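Quick look at what TrEMBL lists:
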TRANSMEM  61-77  transmembrane segment
TRANSMEM  97-116  transmembrane segment
TRANSMEM  151-170  transmembrane segment
TRANSMEM  176-195  transmembrane segment
TRANSMEM  280-302  transmembrane segment
TRANSMEM  314-336  transmembrane segment
TRANSMEM  390-408  transmembrane segment
Amino acid sequence: MTKTKRQSNKTTIEETEVSNEENGIEKVMHTIKPVIITEYFFGIFKCRLVKGQLQPPSWKMRMFAILYMATYGSLFLKTYCDLVMINQMRGWQEFSALVVLSQYVITSVLAGFPVYSVSYIRIYTLFTEVDKMLHGETLDVFYKQSRGRTYLYLFILFIYNVFNFLLDMFSETNYTWAFMIFHVYLFQKLVVLSFSKHIDMITCRLEVINRSLKTFVFEQDVRKTTIFIMRSRKKEMKDKMHFIGRPSEDNMKVRDLARMYNILGKIGFLINEVYNFHMFLILIAAFAYIIVTIWTALYIYRSLEFSAKDIVNLTFWCIGAFINPAIFAFVCENLLRVRNETKVFVNKIIMNYDLPRTMRVQAKVFMELIEAWPLRIYVYDMFTVDITMILKFISVGTTYLIIIIQLFH
């Protein structure tokens with residue numbers, strides 16, 4: 001009887017753990033579900049949620065993606081060839097659209113294969129592991145805010161692309177081509193949004209870790225102040241997250257925060273691997289489009305066919321091409337800023353010699369993890385994605401602008 005009862009209890013515990021894990025994955029996927037559903041409309045299937053478990057896309061999804069890309073790619077190339085036959089100048093002007101099309105086709109066809117979908121599944125599973133270690137009472141609000149930001153990003157994406165589409169329809173005579181490039185450039189913006197959302201998911205969880213560290217560091221500073229300041233500040237601490245608790249030799253909460261950071265570092269590495277190809281092609285497309293657009297604008301300005309609406313249209317599209325790498329740099333720079341805050345708080349714990357030795361040792365290990373996982377995003381190890389990348393991008397673009405102007409003179 002006792003043995004049977006133990007086995008029954010063990011089975012119940014295992015079932016509860018599995019149920020909690022499935023529930024955690026569902027909540028994580030719920031925050032990013034609007035983006036995933038939008039990707040489905042573009043024939044991009046990264047993974048699917050079946051009974052609380054993440055699985056690679058089914059063969060039906062993969063076949064649909066291949067047929068979708070074959071149909072759209074054929075129509076796109078046919079329309080492009082017709083455009084070139086009428087005006088070769090337009091062929092050069094829309095060259096960057098071919099780069100985006102190649103990115104679109106490769107992404108849609110390869111995303112559904114298990115070799116690539118495993119990385120996405122691993123990312124979402126690791127997010128679930130981090131969330132399991134956080135306070136449960138704070139997660140519901142956390143997930144709600146995260147999903148709200150997802151809707152906001154999609155709304156901005158939709159408004160921006162509709163504005164560009166209407167502007168293009170106003171100046172474009174070939175409406176079929178206008179629809180084609182609207183679709184392909186909307187995909188490109190969707191990739192940027194997806195990358196930004198994944199980085200934002202890391203940043204938000206790292207901010208939760210920072211709030212825990214900040215609360216602990218603040219409490220230790222309060223102990224060194226007068227009783228009057230201490231009373232006034234204690235009231236401010238009631239609503240703050242208290243994860244670490246009181247300092248003691250047996251307190252291992254700093255180690256738990258270090259484990260969370262370690263998992264976030266792994267997630268950042270996986271996201272970097274998954275989006276390497278996308279970032280590379282988006283940068284190439286943006287640079288090519290800006291250079292070709294500048295050359296086209298100067299050509300139109302010197303020709304008899306000069307029209308102010310053409311210059312305005314080219315200006316907006318040029319700004320739109322620059323926005324993609326700018327968003328990459330902004331979200332990555334924000335992640336680095338939060339990571340630097342983590343480093344500052346951990347260093348304060350290390351330098352506080354009034355704390356128990358075990359807690360300071362945990363903080364030192366935490367600092368080593370921060371150095372091991374710098375949370376920097378690279379493009380094929382060639383350069384980092386941050387504000388310096390944008391400065392280099394502007395510098396190179398300005399150089400080519402001067403060269404093009406000299407050639408026209």
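Here, residue 1 is simply the first one shown, and the rest follow in order.
Keep in mind that glycine also has a Cβ here, set from the backbone N, Cα and C atoms.
Bear in mind that TrEMBL entries carry predicted annotations, made automatically and left uncurated.
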Q) So which of 61-77, 151-170, 280-302, 314-336, 390-408 is most in touch with the transmembrane segment (97-116), counting Cβ pairs under 8 Å? A) 61-77
Q.
Applying the under-8 angstroms CB criterion, which one of 151-170, 280-302, 390-408 scores highest with the transmembrane segment (176-195)?
A. 151-170
Q. Same-chain Cβ contacts of the transmembrane segment (280-302) under 8 Å, 6 or more residues past its ends?
A. 89, 92-93, 95-96, 99-100, 102-103, 188, 191-192, 310-311, 314-315, 317-318, 321-322, 324-325, 328, 379-380, 393, 396-397, 400-401, 404-405, 408
